[in-house]
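A.B. asks: Take a look at the following structure, please.
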Amino acid sequence: MNKKFYITTLGCPKNTADSMSMHHSLLEEGFTPATFAEESDFHFINTCTFIQSATEETIQTILSAAQVKKQNHQKLVVVGCFAERYPDNISSEIPEVDLFFGTGRYAQAGKILREKFPDLSPPKREFNDSLLERLKLSSEIENYSKPYAYVKVSDGCNRGCSFCIIPSFRGKFRESPVEDILRDVDRAIRAGAKEICLVSQDTVYYGRNSEVLLDMVRKVAEIDSLEVLRLLYLYPDKKTEKLLRLMGETPKIAPYLESPLQHVSSKILKSMNRVGESSTFKDLFALAREVKPGLEIRTSFIIGYPGEEPGDVDQVLRFIEETRPEKVNLFSYSPQEGTKGAELKQTVSEKEKSRRINLIRDVHLAILEEIHESRIGQTYDAIVDSVENDQAVVRRFQDAPEMDEVVYVDDISLIPGMIGKIRIDSFYEYDMNGTWISK
């Protein structure tokens, strides 16, 4: 009895890592991955509810999947953050959902499915515990024809940011043992990954002290078969400074800093229950560029938080103009029930939030155009992500997969996972065109 599953993943790379864990569990229990949702017997939706727009996207995705379910006689399974946060709503308002479970149970997905639907479950996969069989299974599981993979180093968060609902359903910070991280990295590499992205809610919180964090990163970077190591979600504090110095000493670590500041106004940061201020953030960005030549920066800002005034927005604008981060993500603040921020008087209208975001975006786009101009004719280390529509999609080491710029190359002889040099020839608003100059 061949029963197929398909996983739709919403949200951030951390969810992608969780979906890979589900994939592993389902395959181990004898289920088979489907190429398309329509051909699956079980359609999983791994959800996101970080902000209001993410919640709305989740609901729409579930409702759309419910229509597909009716046409294809599937079982619809909703998992992750939305299921953890709104179980009663799913039960009462979306009867099309056959099964739901929250965060922390991804690795048991196969067993959960078998217990819920014993008559629809295939025979459990039989294999011995030899390393060879385990690695063979892992390769089958995690080869998504992508040259990169996400490996979670922890789950949960202890920061207590007043705008963030994640700790309420992800729980307190819990780190993975180094041995488990190394195992997952090795498994992904054996499945074909050339680049490993370490992810978590708060990567720099890992370890009892800075040395534990640095030792974990060193051990991952020392894996001979690893080509590129990328560190994501680096909270802007002192441990990040030490991690940056390690990045400068370690060629395998990508020239990339992702550090979500969320704001630069001291008043707003204090209300958000976050540390740091504009001057320390400037020093952090300057240090990153000093120790890792060619490094590019990705950061994010939440605009329209309660109490934000025009002067606070001006501080964000000045910061962007002075530090010139290559990648800026802007979120419109949406109060999340159960957070401290939701208890504050909402002082900024939705219309004004949009105006402020558009103002900041326009300033950054003007800076980005100048940055693009400086890239013309320059060569960069790069990796081929895919070949589609008679073009290769290539990514510089300065760009993270699935969220940053890509470079389009008119060369279908390139192969996903190939690493070499690319020359930038032209650009769009965000993405670029280029020429592959070494294989």
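Along the chain as shown, residues are numbered 1 onward.
Cβ coordinates are placed from backbone N, Cα and C, and glycine is handled just like the others.
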A.B. asks: With CYS12, CYS48 listed by Swiss-Prot as binding [4Fe-4S] cluster 1, identify the candidate in CYS81, CYS157 belonging to that site.
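C.D. replies: Candidate listed by Swiss-Prot for the same site: CYS81.
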A.B. asks: If one looks at the chain holding CYS81 ([4Fe-4S] cluster 1 binding site), which residues at least 6 apart in sequence have a CB under 8 angstroms from its CB?
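C.D. replies: GLY11, ASN15, THR47, CYS48, THR49, PHE50, GLY102, THR103, ILE166, PHE169, ARG170 - these are the non-local Cβ neighbours of CYS81 ([4Fe-4S] cluster 1 binding site), listed in sequence order.
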A.B. asks: Secondary structure at CYS81 ([4Fe-4S] cluster 1 binding site) (DSSP, helix/strand/coil)?
C.D. replies: helix
A.B. asks: Residues near the [4Fe-4S] cluster 2 site, CYS157, CYS161, CYS164 excluded, by Cβ within 8 Å of the Cβ center?
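C.D. replies: Here the non-site neighbours turn out to be ARG159, GLY160, PHE163, ILE166, PRO167, GLN201.
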A.B. asks: Same chain, not part of CYS12, CYS48, CYS81: whose C-beta falls within 8 angstroms of the C-beta centre of the [4Fe-4S] cluster 1 site? Give them in sequence order.
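C.D. replies: For the [4Fe-4S] cluster 1 site the neighbour list reads LEU10, GLY11, LYS14, ASN15, THR47, THR49, PHE50, ALA54, GLY80.
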A.B. asks: Taking the Cα atoms as reference points, how far is CYS157 ([4Fe-4S] cluster 2 binding site) from CYS12 ([4Fe-4S] cluster 1 binding site) in Å?
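C.D. replies: On Cα coordinates alone, these residues lie 15 Å apart.
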A.B. asks: Around the Cβ of CYS48 ([4Fe-4S] cluster 1 binding site), how many other Cβ atoms lie within 10 Å? Please give the count over every shown protein chain.
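C.D. replies: So the Cβ neighbour count for CYS48 ([4Fe-4S] cluster 1 binding site) comes to 21.
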A.B. asks: Determine, to the nearest whole angstrom, how far the Cα atom of CYS12 ([4Fe-4S] cluster 1 binding site) is from the Cα atom of CYS164 ([4Fe-4S] cluster 2 binding site).
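C.D. replies: Counting only the Cα atoms, the answer is 15 Å.
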